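Notes to accompany the following structure.
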Ligand code: RB5
């Protein structure tokens, strides 16, 4: 587990219940859940929630982020627009582990309309329990970070 145990969570309206479940789950694992909402079910826009969560990670306020929307895709794309963010969508635990170990992902995105609740928690566990392996993977992550538009 990282020294900074603050994990930011956010979602759009499609994933509020699952996000709250994940927040409870990670608190039980010993993390601090920084749940920035939204808290009410009105239709909202995933880009602003993806960006808000990403800025918490990019600033160093939170060590990692977990974001959700219906597919996980739109909020992931939004978060990845913020400098320093490496976010992947995962629908199974293997990829969730690998994006930490090989890609040094600092955010995980999940589609609440794609995976069930139990699987989502397994995905979260795989992501949080894994650590970046460095070495040749650090070279590649550095190359990725150096890409400019
Ligand atoms: C909202 O209906 C839906 O478009 C959103 O949750 C997400 O799936 C977008 O990527």
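The backbone N, Cα and C atoms fix where each Cβ goes, and this holds for glycine too.
All TrEMBL annotations are machine predictions without curation.
The C-beta environment of residue 113 (D-ribulose 5-phosphate binding site), restricted to residues of the same chain at least 6 apart in sequence and closer than 8 Å, consists of 14, 70, 71. The feature D-ribulose 5-phosphate binding site is assigned by TrEMBL to 12, 13, 70, 71, 72, 73, 74, 103, 113, 136, 140.
The active site, proton acceptor annotation in TrEMBL covers 69. Using a 10 Å radius centred on the Cβ of residue 69 (active site, proton acceptor) and all shown protein chains, the other Cβ atoms total 30. In the three-state DSSP scheme, residue 69 (active site, proton acceptor) falls into the strand class.
Annotation comment: TrEMBL describes 102 as active site, proton donor. Reduced to three states, the DSSP call for residue 102 (active site, proton donor) is coil.
Cβ neighbours of residue 72 (D-ribulose 5-phosphate binding site) (same chain, under 8 Å, six or more residues apart in sequence): 89, 90, 91, 109, 110, 111, 112, 114. Residue 69 (active site, proton acceptor) and residue 12 (D-ribulose 5-phosphate binding site) are 5 Å apart (CA-CA, integer value). Cα distances from residue 102 (active site, proton donor) to the recorded positions 69, 74, 140 are smallest for 140. Note: the Cα of residue 140 (D-ribulose 5-phosphate binding site) and the Cα of residue 69 (active site, proton acceptor) are spaced 28 Å from each other.
Set side by side, the binding-site residues 70, 74 differ in how many other CB atoms lie within 10 angstroms of their CB, and the most is found at 74.
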